[in-house]
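Quick look at what TrEMBL annotates:
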DOMAIN    1-382  domain 'Major facilitator superfamily (MFS) profile'
TRANSMEM  127-150  transmembrane segment
TRANSMEM  156-177  transmembrane segment
TRANSMEM  206-230  transmembrane segment
TRANSMEM  236-259  transmembrane segment
TRANSMEM  271-290  transmembrane segment
TRANSMEM  296-317  transmembrane segment
TRANSMEM  329-351  transmembrane segment
TRANSMEM  357-379  transmembrane segment
């Protein structure tokens, strides 16, 4: 079992690097393709909307099984990444980056549902927390390696390298993850309407969707403005901004470690509430901590550590809220989180221009408190099993 989840973590690492590397290296991709930077940033903005595919993907995974969906995602990633590297045209690269987002939307809910099926609830937080280390590792390890590859072999090299690695990951998944019956009895007669009707009947499920929207809206409001904050307030250049990315990656790793070690002990609902409250408090501290670069980076660290602890604990809890349709709920959660991130990104740019970091901090705190209240209402009276 350990090897299976180590393999799944490795595949998630590849997925996350594939999804995230275009952000810091967008100017390099733009120069390589001979297009303006906005042509790349527009692709990255559109990528958030690939999470909406969960409306279809989740029920499909509940019908056909989790392993086939994971294999589909890795195979598709391999194909589109290799195409993006071998055919250096803007249209092909655009399609590759968008389909990478779709592949992640296929793989993640299937893997999380697989964990929910095979890992006892009492250990769910630990296992999900360990799986999520792949997210932090993509920033701490993957992005620097991509930078080295670009410097040595050019901007097309990440596509080709990641495409080959994803192909290898798909082969390993095929041979080492055992096949299983579809999660819902034979899958016959179980349609999309059936799955979503089951979801909307559960107050706890609706609550977790709303919670993910508000929580992620608050976080991306800060994330989109963090670079401008560092540049304008402290005069950081492009190279120094990489330090901020490293701080965020380290904070994510600490949050995931806290989830793995603490969330099961105190209970997942309590862990989510505690994390949300700490996250809201951290947003409120940002204007106070903006007097120096070290203090501002400390504030960013606290925010992202609390956020990661909260969102990973949320993923672990969500795998048990609707056992018959786990992938449907997990896809829905990621869809609402994506919508929240899009809303937060829009509000972040608007608020930064007019109110600066105080406005960002207040908005993000209000969104997070709203998320906590929403979840407290929805989980009232909920008990596992």
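Glycine is no exception: its Cβ is also placed from the backbone N, Cα and C atoms.
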Contact between the transmembrane segment (271-290) and the transmembrane segment (357-379) (at least 3 Cβ pairs under 8 Å, separation 6+): yes
Mean of the pLDDT scores, which run from 0 to 100, over the domain 'Major facilitator superfamily (MFS) profile' (1-382): 86
Long-range neighbours of the transmembrane segment (127-150), counting only residues six or more past its ends (CB under 8 A): 5, 8-10, 12-13, 15-17, 19-21, 24-25, 28, 111-112, 115, 119, 157-158, 161, 245-246, 248-250, 252-253, 256-261, 263, 308, 312-313, 315-316, 319
Spatial neighbours of the transmembrane segment (206-230) far in sequence, C-beta under 8 Å, 6+ residues away: 199-200, 236, 240-241, 244, 272, 276, 279-280, 283, 286, 290, 293, 296, 300, 303-304, 307, 310-311, 314, 317-318, 321, 329, 332-334, 336-345, 347-349, 351-352, 357, 360-361, 363-368, 370-372, 374-375, 377-379
Within-chain partners of the transmembrane segment (296-317) [C-beta distance under 8 Å, separation at least 6 from its ends]: 112, 124-125, 127-129, 132, 135-136, 208, 211-212, 215-216, 219, 222, 226, 229-230, 233-234, 243-244, 247-248, 250-252, 254-256, 258-259, 263, 268-269, 271-272, 275-276, 278-279, 282-283, 285-286, 289-290, 330, 333, 337, 364
